[in-house]
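**Q** I am attaching a structure below and will ask some questions about it afterwards.
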Amino acid sequence: MRTSGSRLFTSESVTEGHPDKICDAISDSILDALLAEDPRSRVAVETLVTTGQVHVAGEVTTSAYADIPRIVREKVLEIGYDSSAKGFDGNSCGVNIAIGAQSPDIAQGVDTSHEARVGGTDDEIAKQGAGDQGLMFGYATTDTPELMPLPIALAHRLSRKLTEVRKTGVLPYLRPDGKTQVTIEYDGDRPVRLDTVVISTQHAADIDLDNLLAPDIREKVVDAVLADLDLPSPLDTSDIRLLVNPTGKFVLGGPMGDAGLTGRKIIVDTYGGMARHGGGAFSGKDPSKVDRSAAYAMRWVAKNVVAAGLSERVEVQVAYAIGKAAPVGLFVETFGTEKVDPARIAAAITEVFDLRPGAIIRDLDLLRPIYAPTAAYGHFGRTDIDLPWEHTDRADKLRAAAGL
């Protein structure tokens with residue numbers, strides 16, 4: 001039962017077999033292959049999937065070679081689309097490629113920053129300009145041990161579990177495409193009750209929804225995930241509304257059901273709508289693109305602020321001008337949960353973190369093939385893989401800089 005001061009907040013996730021996530025995975029797999037051979041590769045790869053077809057386009061400047069058709073087919077098969085009975089088959093789908101070089105007009109601003117052109121510098125970090133203008137946000141909260149909002153964290157866990165029970169054969173009749181949605185009741189800033197879970201999963205034909213699928217999803221997915229929850233404060237899960245495939249059957253899925261595109265799940269990729277978003281997608285982009293690298297840096301900053309005890313919730317924004325190394329703006333929002341003056345937090349961030357693109361790439365060691373695993377189940381708050389922007393290695397320095 002909701003209390004008078006409560007509110008409901010909802011976030012969604014999708015499985016790796018969702019058409020848009022197939023595209024993200026292909027784009028990031030191509031990126032990783034290029035970075036593995038040439039860490040200085042400039043990559044902007046977009047993917048489209050539709051019935052029986054994969055289209056890869058974009059701009060790449062590199063000394064590396066990537067066998068793109070092979071990468072595409074291997075990724076599609078790894079996800080689980082290996083038969084026409086599933087609506088898509090990595091063995092036989094068409095693969096079309098249209099890739100050119102990065103624009104020299106963009107490259108000049110990344111290779112030689114505005115600061116270097118105007119003032120001259122021997123500082124290699126200062127020489128690298130931002131690959132585009134834009135604004136990026138980072139967020140952290142004490143909802144979960146990984147300092148993520150609970151709705152998106154739980155939605156991702158459910159999506160990962162859907163894939164796990166499919167791939168391990170626990171529920172062999174499941175198919176790769178699927179979505180999850182979680183509604184949490186908050187009392188103020190504290191999550192107190194799980195209100196609704198929606199799970200839509202592709203399945204084999206002739207599966208009984210009420211007598212097989214729904215009970216299996218409750219036991220093998222929802223109950224299993226909830227049993228593993230370890231939260232800072234109690235969460236009431238005693239009266240969950242569970243909706244499994246509320247449209248009925250879900251046999252036709254994947255690229256046959258819907259066309260997919262890289263970069264169409266940016267809220268799923270980040271904070272599930274709990275924080276603002278600058279609009280830039282991640283997958284298929286090398287770290288010279290601040291859409292990706294600066295968003296990772298902002299998560300790193302936000303997580304360290306909360307881990308340092310400076311605020312229970314924080315959202316940080318950074319902004320860049322194309323070709324300029326130094327950010328043009330930094331904003332800190334603490335939602336009234338700060339333990340010190342927000343101005344001191346902002347000053348501490350500026351002292352402890354170098355937010356120039358070259359410094360972000362250096363400090364987070366981003367010129368590595370680490371991106372394909374981020375293409376599904378979120379780029380932030382991951383507990384299943386080690387990501388450098390999830391480290392709280394600067395919390396002590398932040399505390400000291402803020403005077404704690």
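Any Cβ shown, glycine's included, is placed from N, Cα and C.
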**Q** Please identify which of Glu59, Glu146, Glu219, Glu333 is recorded by Swiss-Prot as part of the L-methionine site containing Gln102, Asp258, Lys289.
**A** Glu59
**Q** Tell me, by DSSP, whether Asp20 (Mg(2+) binding site) is helix, strand or coil?
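**A** It is helical.
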**Q** Taking only the residues the record lists as binding ATP, namely His18, Asp177, Gly178, Lys179, Lys249, Phe250, Asp258, Arg264, Lys265, Ala281, Lys285, what is the largest Cα to Cα distance between any two of them, in Å to the nearest whole number?
**A** 36
**Q** According to DSSP, does Gly178 (ATP binding site) fall in a helix, a strand, or coil?
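**A** The residue in question, Gly178 (ATP binding site), is strand (DSSP, three-state).
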**Q** Can you tell me how spread out the L-methionine site is, meaning the largest CA to CA distance among Glu59, Gln102, Asp258, Lys289, in Å?
**A** 30
**Q** By a simple count of other Cβ atoms within 10 Å, which of His18, Lys249, Lys265, Lys289, the binding-site residues in the record, is least packed?
**A** Lys249
**Q** Cα within 10 Å of Asp258 (ATP binding site) is the criterion; apply it to the binding-site residues Asp20, Glu46, Gln102, Lys289 and give the hits in sequence order.
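**A** Those near Asp258 (ATP binding site) - Cα within 10 Å - are Asp20, in sequence order.
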